[in-house]
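Asks: Pulled the feature table from Swiss-Prot, pasting it below:
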- 1-8: topological domain 'Cytoplasmic' (TOPO_DOM)
- 9-25: transmembrane segment (TRANSMEM)
- 26-365: topological domain 'Lumenal' (TOPO_DOM)
- Asn65: N-linked glycosylation site (CARBOHYD)
- Asn327: N-linked glycosylation site (CARBOHYD)
Amino acid sequence: MWLRSHRQLCLAFLLVCVLSVIFFLHIHQDSFPHGLGLSILCPDRRLVTPPVAIFCLPGTAMGPNASSSCPQHPASLSGTWTVYPNGRFGNQMGQYATLLALAQLNGRRAFILPAMHAALAPVFRITLPVLAPEVDSRTPWRELQLHDWMSEEYADLRDPFLKLSGFPCSWTFFHHLREQIRREFTLHDHLREEAQSVLGQLRLGRTGDRPRTFVGVHVRRGDYLQVMPQRWKGVVGDSAYLRQAMDWFRARHEAPVFVVTSNGMEWCKENIDTSQGDVTFAGDGQEATPWKDFALLTQCNHTIMTIGTFGFWAAYLAGGDTVYLANFTLPDSEFLKIFKPEAAFLPEWVGINADLSPLWTLAKP
């Protein structure tokens with residue numbers, strides 16, 4: 001009798017131990033490496049295993065206290081979405097932000113391709129994981145060309161494997177996630193510190209005082225000098241526009257300093273009025289390393305932009321007041337079929353109309 005009771009007691013103790021281990025693993029399984037096989041112990045618990053292979057590259061850390069550079073997607077998300085990394089620096093920022101926003105809106109997991117990671121990760125603390133090329137090539141994608149403003153159909157995309165394309169850079173896609181977008185596009189410390197060091201050395205020309213208000217000025221030139229008039233019946237920002245924009249800030253802010261960056265710095269030095277001693281040409285204009293100029297602009301208090309996504313993102317991240325070039329194409333421009341000003345510029349930004357007279361001159365026989 002005693003032996004039987006002792007045996008039953010041992011079996012009961014063993015059963016309690018096994019159940020305790022199962023309960024512990026069930027509660028704490030997120031602390032173990034992803035993919036730990038608990039399905040045998042907990043058959044009702046299905047592991048969410050993505051139908052893709054990913055790899056994380058340097059620069060995708062979630063934060064200074066993150067223990068892993070590979071962010072974990074919430075279990076409620078499914079599918080795999082990505083975006084073609086087309087265009088230059090500002091274009092790819094727009095594609096990244098739009099992918100992130102649309103994927104969240106539709107309950108999908110977002111991944112970026114290696115080329116986008118190579119363009120953005122050296123500059124920002126981005127967190128989206130990277131899709132392996134071999135998985136990209138094997139995935140049965142449906143491709144979707146986006147236009148540059150949010151549409152109702154984009155809120156109900158049911159494709160589990162979707163590859164976005166186009167050049168979206170409209171606040172209407174992602175402005176409801178502004179703080180998250182700003183975190184994604186947080187500069188690495190060394191870039192921020194370098195930009196702040198440059199700004200800290202600036203002095204007002206007439207008094208030698210430290211400026212208290214910095215206005216970043218981005219002047220887009222380069223290929224736009226031909227593309228805008230020849231293809232889009234448009235203009236780029238001229239000296240008259242820049243003078244009006246600077247005067248707008250001078251009237252509203254005490255002793256601002258204008259920090260000019262451009263991919264046409266020689267033109268800027270010859271055409272921007274510096275007689276008031278409040279203009280400095282601080283950018284290096286190197287299109288191969290745009291993040292230096294970009295970092296400078298984002299560390300300013302306010303922004304003057306001409307045209308282009310580079311200037312948009314500098315203004316969006318800097319915050320403060322923004323003045324932009326408005327109505328820079330003729331009314332019959334094909335550009336207006338793919339570009340909506342009300343979706344491109346935030347409502348609180350201030351537009352100054354472009355001078356279109358050079359285009360009317362070209363149009364005359």
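One is the number of the first residue shown, and numbering goes on along the chain from there.
Note that Cβ sites are derived from N, Cα and C of the backbone, with glycine treated the same way.
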Asks: For a quick check of packing: other C-beta atoms within 10 Å of the C-beta of Asn327 (N-linked glycosylation site), how many?
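Replies: I count 15 other Cβ atoms within 10 Å of it.
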Asks: What average pLDDT is reported by the model for the topological domain 'Lumenal' (26-365)?
Replies: 86
Asks: Can you tell me the three-state DSSP label for Asn327 (N-linked glycosylation site)?
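Replies: Looking at the DSSP assignment, Asn327 (N-linked glycosylation site) belongs to neither helix nor strand, so coil.
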